[in-house]
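TrEMBL annotations:
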DOMAIN    1-246  domain 'Aspartate/glutamate/uridylate kinase'
SITE      K5  site 'Transition state stabilizer'
BINDING   R64, N168  substrate binding site
SITE      K229  site 'Transition state stabilizer'
Amino acid sequence: MIVVKVGGSAGIDYDAVCTDLAERWKGGERLILVHGGSGETNRVAEALGHPPRFVTSPSGYTSRFTDRETLEIFEMVYCGKMNKGIVERLQRLGVNAVGLSGLDGRIFEGRHKDSVRAVENGKVKVLRGDHTGTVERVNTGLIELLLSAGYLPVLTPPAASYEGVAINVDGDRAAAALAVALKAEALLLLSNVPGLLRDYPDEASLIREIPAGEVEAYLGFAQDRMKKKVLGAAEAVQGGVLRVIFGDARAGQPVTAALMGAGTVVS
Ligand code: ADP
């Protein structure tokens, strides 16, 4: 089993990802796709007059402050436009894909965090009304049912809280939890960069290999949202996933290239 997470940043070539996935799927590989949608969500939120608000925690992690209205915009884009766009591409390529969010069948479950600590103008503030959380449980029953019936699952945040409330969760860490739960042999985290860069944005500074036991030591190279990918990679290898690869989804055969070792390989 291979879990492929494709991000939502500008420059990602979803046609290239889907074409590559479809070929591998038809060749008999067992695959699951998890996707993001942050770039498009930002655009739609601006257009709807509810611009995104990003907050930085005291420990330096950036996340989207998700009030109810933001959650609804988030769902429109992630579960609607992005998810159906990917499912349509795969269907056109002859793959029977099924798109679901983490709410459906409670695939992704976690605790609802209603408040977030954020640093604003040098001060730590507590913001309430947040619909976020972290995936703590993956309920694999529905996914296994789909796979055994020949469907390719295409999954996206949000997740379900233990009370059944929709929560915005990080897609990279959700994919990592999924890879652990399914005992996947590889987790690919594909984005609009060649991999983890030692000196971002210098693409020539690509880090080629990271020993599984040392992932956290590389957190310092990652800025803002890349930190979540490094954290996800650490969680996946600690949970028994043999390889995590940060790969480039901008062109070519993103899945095949990553599996052949292009990008940053954590193993
Ligand atoms: P996605 O939505 O595609 O999953 P994110 O935007 O969450 O991706 O994270 C990838 C982004 O992280 C890159 O586009 C880049 O701007 C940023 N980044 C920060 N530090 C690094 C780094 N050291 N190496 C690579 N990318 C980095």
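Using N, Cα and C of the backbone, Cβ positions are placed for all residues, glycine too.
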If you rank the recorded positions K5, R64, K229 by how many other Cβ atoms lie within 10 Å of their Cβ, the lowest count goes to R64
Tell me which of the recorded positions K5, R64, N168 ends up closest to K229 (site 'Transition state stabilizer') in space, Cα to Cα. K5
K5 (site 'Transition state stabilizer') and N168 (substrate binding site), Cα-Cα, nearest whole angstrom: 16
Rounding to whole Å, the Cα atoms of K5 (site 'Transition state stabilizer') and R64 (substrate binding site) are apart by 19
Let me check the 10 A CB neighbour count of N168 (substrate binding site). How many other CB atoms are there? 23
